[in-house]
Amino acid sequence: MFELLKGTKMDFMSKKIYTFVISGIFSLLGIFAIVQIGLGRANLGVDFAGGTAVQIKFAQTVKLQDVRKALDEGGLKDFDLQDLPTENKILVRVKKQEEKLGGFSEKINQILLQKFSDKKPVIDSVTEIGPKVGSRLKKDAMWAVIIATIGILVYVAWRFQFRFGVGATIATFHDVLAVLGIFYISGKEMNLIFLSALLTIAGYSLTDTVVVFDRIRENIKKMLKEPIEVIVNKSINEVLSRTIVTSLTTFLAAFALFLFGGEVIHDFALAMLIGIAIGTYSSIFVASPVVVLLGRKRGPKKVA
């Protein structure tokens, strides 16, 4: 396998106090974002905030950016678009406002008829997402992340040891909270697509962490008399090249999606870019130091 770095002897564990402070800031930012989401002060998509979804069918293909421009110029606010190119349809989601359901659909139809009269736009369907549904989706989204994280704890604890499970769980929570916090302060919309990105990031973070943990487990068997800090440092240095190369290739794939994937998955790709970078950081500077701290308290143990 191609090695980007060879024979490194970095002392990662000596920096754990500083990295814990940085990670704590990211985590607090994510917790603050969760509080703001609960209070309805975050930029939530129609899926979570409630609103109206209007599906428009065109006789010919239209560009998504042209539809967005027309709706902007027509005075429509707080909406997002989804392209259904195989059916010549555009899905317009409008956040809950004072205007009635029928008023939204008619307003959208009038704007598009004026701009695209030659393409004959017609309303294909209208769906209202009420506040109760949006609230339920928010709760379900939080439970999805919590259940996924508990599953990670159980899996890693079963495959390695409980202390490894704790390290992986803390790192996963850290990654999800960090991406959530960054999206909140940047004013990005949080919707079901963003939720799918968070769950993907959790899975990626676990994969990255397991690679490091697997090497730590092997070295614990070989270096029974060595302090846990020495074992963990050696293990990270041994897999550092692989970790960086894997993360870099995944990052480049997500970056290609970010540049060329279109606006529908633009924020998904952005969340993945942030999550890949933070997940790589946390597998080294969050998950591994937690194993060191718990290992120091518990003393040497046989690893299966």
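Keep in mind that glycine also has a Cβ here, set from the backbone N, Cα and C atoms.
Just so you know, TrEMBL annotations never went through curation; they're auto-generated.
Feature annotation from TrEMBL assigns transmembrane segment to 20-39 (among others).
The domain 'Protein export membrane protein SecD/SecF C-terminal' feature in TrEMBL is assigned to 119-296.
Taking Cβ pairs closer than 8 Å, the transmembrane segment (141-158) reaches residues 34, 48, 164-169, 172-173, 176, 192, 195, 198-199, 202-203, 206, 209-210, 213 in its own chain, all 6 or more past its ends. Annotation source TrEMBL lists transmembrane segment at 141-158 (among others).
The transmembrane segment annotation in TrEMBL covers 165-186 (among others).
Sequence-distant contacts of the transmembrane segment (192-213) (same chain, at least 6 residues past either end, Cβ-Cβ under 8 Å): 45, 47, 137, 141, 144-145, 148-149, 152, 155-156, 159-160, 164, 167-168, 171-172, 175-176, 179-180, 183, 235-236, 239, 242-243, 246-247, 250, 264-265, 267-268, 271-272, 275-276, 278-280, 282-284, 287-288, 291. Summarising the annotation, TrEMBL assigns transmembrane segment to 192-213 (among others).
According to TrEMBL, the feature transmembrane segment maps to 244-262 (among others).
The annotation transmembrane segment is assigned in TrEMBL to 268-294 (among others). Listed by sequence, the residues of this chain that lie at least six past the ends of the transmembrane segment (268-294) yet keep a Cβ under 8 A from its Cβ atoms are 12-13, 15-16, 19-20, 22-23, 26, 163-164, 166-168, 170-171, 174-175, 178-179, 182-183, 188, 193-194, 196-198, 200-201, 204-205, 208-209, 211-213, 216, 228-229, 232, 235-236, 240, 243-244, 247, 250-251, 254-255, 257-258, 261.
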